[in-house]
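**Q** Annotated DNA-binding region per Swiss-Prot: 180-239, in sequence order, evidence recorded as sequence analysis. Residues or ranges marked as compositional bias 'Polar residues' in Swiss-Prot: 125-136. The compositional bias 'Low complexity' annotation in Swiss-Prot covers 137-148. For 151-167, the entry in Swiss-Prot reads compositional bias 'Basic and acidic residues'. Swiss-Prot lists 4-54 with the feature domain 'LIM zinc-binding 1', giving sequence analysis as the kind of evidence. Annotation comment: Swiss-Prot describes 63-117 as domain 'LIM zinc-binding 2', evidence class sequence analysis. The region 'Disordered' feature in Swiss-Prot is assigned to 125-187, 296-372.
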Amino acid sequence: MVHCAGCKRPILDRFLLNVLDRAWHVKCVQCCECKCNLTEKCFSREGKLYCKNDFFRCFGTKCAGCAQGISPSDLVRRARSKVFHLNCFTCMMCNKQLSTGEELYIIDENKFVCKEDYLNNSNTAKENSLHSATTGSDPSLSPDSQDPSQDDAKDSESANVSDKETGSNENDDQNLGAKRRGPRTTIKAKQLETLKAAFAATPKPTRHIREQLAQETGLNMRVIQVWFQNRRSKERRMKQLSALGARRHAFFRSPRRMRPLVDRLEPGELLPNGPFSFYGDYQSEYYGPGANYEFFPQGPPSSQAQTPVELPFGAAGGPPGTPLGALEHPLPGHHPPGEAQRFPDMLAHPAGDSPSPEPTLPGSLHSMSAEVFGPSPPFSSISVNGGANYGNHLSHPPEMNEAAVW
């Protein structure tokens, strides 16, 4: 006895149907969805029978608009990998049915917007962002329509505004009533190279050049305009700083300390070969302190020091042959070494035997005899081998002149 594959009962009818290599009652061969009798053609999935429409509706390609199956006889439209019914392929904003070949914009992979609605929406958003970014400007003027000759007057102002905006980021959350800044623009390395090359060619580009840069870099023209303003302001600040640094370098590095003294001295007063010569040709700014002569605070440099003869009074204060310090400035009442002053003979006199009728001053040479240099033998037979003006013996009583020690 043959049993039906659908109802599992024996088949007693005169006719039967053979479907999927199994016997069926004629009334049992029907669609499992719509229950219609299948006489000519049927579709099966997982042992179930379907009519053509229900099979493609359940297992065929789904419409991206209504999420329903698409029948093979239906007309469809394709956008990328999506398939739509003709009635489902519409603009999400104006619900206009999109035709073949029409430009459209895809949002969230399954939402489509016609070109007119997209451009209108983008222009509105751009105007809002520009209005929020350009605070305090006239809204009737477009930023790209301004004359490039006005850029210089706005360079420092835009730089200050950028600094103020950067410093006020922390207070944005607190000032809820104030307008918030527009979106920050990040310039990539390739875009930055293009802008730097354009700035090197023309620091003040015209609107036509800015439009070309906007097409090349993909940046907004307002962003490019502000970048050029800030870059010009930065270049001016760098030039000012470099000029100030050059002036400071020239002021501090020039040897000016000895110029007024050289101009005031006569040519005959300089004795480059004497033991107490004036170092007018020395170009250094500083002198090293003397080793043992405290009343000469500054000593001559070793390169141009004149070494006098070994004097007896120098044995107690330092090694023989130590040069005396150079006098840096001429003082009133002090004569240059050309007038035959003998410092050893002056120091040999005690304070009470000074030929000068003036009272002894604390800074005079008369009071510095034995306290500074210690005991010394008489200076009767020693002479200074320095120059022609120092050939006289130190035993001669010199003409004393009052002078303060420098």
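The backbone N, Cα and C atoms fix where each Cβ goes, glycine too.
Give me the lay of the land around each of these features.
**A** Taken together, the residues in the domain 'LIM zinc-binding 1' (4-54) have a mean pLDDT of 77 on the 0 to 100 scale.
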**Q** Work out, from DSSP, the number of helix, strand and coil residues along the domain 'LIM zinc-binding 1' (4-54).
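**A** Looking at the domain 'LIM zinc-binding 1' (4-54) with DSSP, the answer is 3 helix, 15 strand, 33 coil.
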**Q** Per DSSP, what is the residue tally for the domain 'LIM zinc-binding 2' (63-117) in helix, strand and coil?
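**A** Split by secondary structure, the domain 'LIM zinc-binding 2' (63-117) comes out as 3 helix, 19 strand, 33 coil.
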